[in-house]
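J.: I have a structure here, written as structure tokens, and I will follow up with some questions on it.
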């Protein structure tokens with residue numbers, strides 16, 4: 001596992017993304033940036049309900065009035081049509097097609113976005129009298145610092161909710177998830193610790209599986225802390241959001257290495273038709289090399305996807321090349337491991353061991369295929385629901401997969417009966433020192 005630790009350190013050093021973009025935005029309105037891009041992009045938000053609110057505070061009113069500073073709000077679909085239109089709209093024509101406009105001539109401005117039949121994404125742009133001019137020198141004027149708060153109506157209809165339509169419900173979900181982890185820890189932590197402490201054939205597998213579970217629990221806790229703060233100020237704790245993503249990726253790497261080492265080790269030993277040695281986890285250089293190579297490949301794709309996606313989620317709808325390659329990799333892994341286990345199952349005569357391999361195959365396939373399947377299913381949902389469906393669905397499916405694997409590895413009766421049949425072919429035997437008797 002030393003290589004895995006080095007990989008985790010490398011991920012920490014190479015990638016520490018920004019947290020989720022807050023809905024309390026701070027920055028500066030820049031005439032230069034607005035002129036270069038024909039409108040400075042400030043942010044986007046998924047408004048819903050009848051009393052959504054955009055609040056902007058500025059200090060330098062004189063500069064704003066002198067520059068004729070304005071904010072332009074475009075619905076996402078309308079803005080996309082403008083960008084893809086073949087009419088070749090000029091800068092001023094594009095800005096004139098904004099659904100909502102706000103002139104900034106006061107310290108604080110409130111704009112109500114109402115009568116929204118369904119949640120919609122709105123893009124906010126800044127522009128002034130210099131934006132559509134060709135003269136660059138006139139735009140070299142003082143920037144305007146601002147604070148912008150984007151709010152949706154809460155359950156009572158008051159604009160106090162910092163969560164966009166695509167984020168609503170995630171705070172409550174992570175609270176329930178942390179609560180479930182806490183209850184499970186209170187019930188099973190002691191017995192699990194005793195099982196790990198005793199050692200035995202499943203010692204290393206249980207350690208790696210428990211480490212992956214702890215990383216997932218840490219990710220859920222970090223997300224809950226971030227969203228709890230986010231619900232109050234619209235910013236949250238970006239460090240905790242980044243920490244949650246890192247924990248999740250580390251957990252994915254742990255589980256991938258575990259499952260690959262087990263499956264590849266069994267397959268290679270079966271191909272050699274060696275009956276004089278037990279099926280060992282990570283027993284051959286070939287299985288180790290294959291596992292490390294695939295883990296490195298997934299890690300590179302995860303890093304690539306995170307750098308390309310500015311929103312930074314642990315799970316994505318896969319609209320870029322890196323995300324598509326991740327889906328292809330996971331499908332290929334599920335198919336290859338499924339085929340390898342199927343070959344083992346078909347030639348296995350022992351009913352108990354065949355049952356073991358079938359259950360393990362279910363856990364593997366569920367772990368690898370849940371993300372691609374949910375990414376495909378999410379297409380039928382609205383844009384604002386897709387990331388939420390994938391995030392919640394993947395976490396629940398992978399949790400079920402870990403429960404299946406835990407029950408399998410901790411099944412005393414199954415391993416006792418299998419070991420009594422033949423300790424030489426006992427699945428998951430770590431070393432020859434454990435051949436003499438089963439350990440639980």
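Each residue, glycine too, has its Cβ placed from N, Cα and C.
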J.: Tell me which of 228-248, 249-269 corresponds to the transmembrane segment entry in Swiss-Prot.
T.: 249-269
J.: Can you identify, from 132-152, 321-341, the stretch that Swiss-Prot calls transmembrane segment?
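T.: The listed stretch tagged transmembrane segment in Swiss-Prot is 321-341.
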J.: Looking at 202-222, 412-432, I want to know which stretch Swiss-Prot calls transmembrane segment.
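T.: That would be 202-222, the stretch labelled transmembrane segment in Swiss-Prot.
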J.: Take a look at 173-193, 202-222, 284-304 and tell me which one has the most Cβ pairs under 8 Å to the transmembrane segment (389-409).
T.: 202-222
J.: Hey, does DSSP put residue 110 (N-linked glycosylation site) in a helix, a strand, or just coil?
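T.: Strand, per DSSP.
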J.: Long-range neighbours only, meaning 6 or more apart in sequence with Cβ under 8 Å: which ones does residue 105 (N-linked glycosylation site) have?
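T.: The answer is 61, 64, 65.
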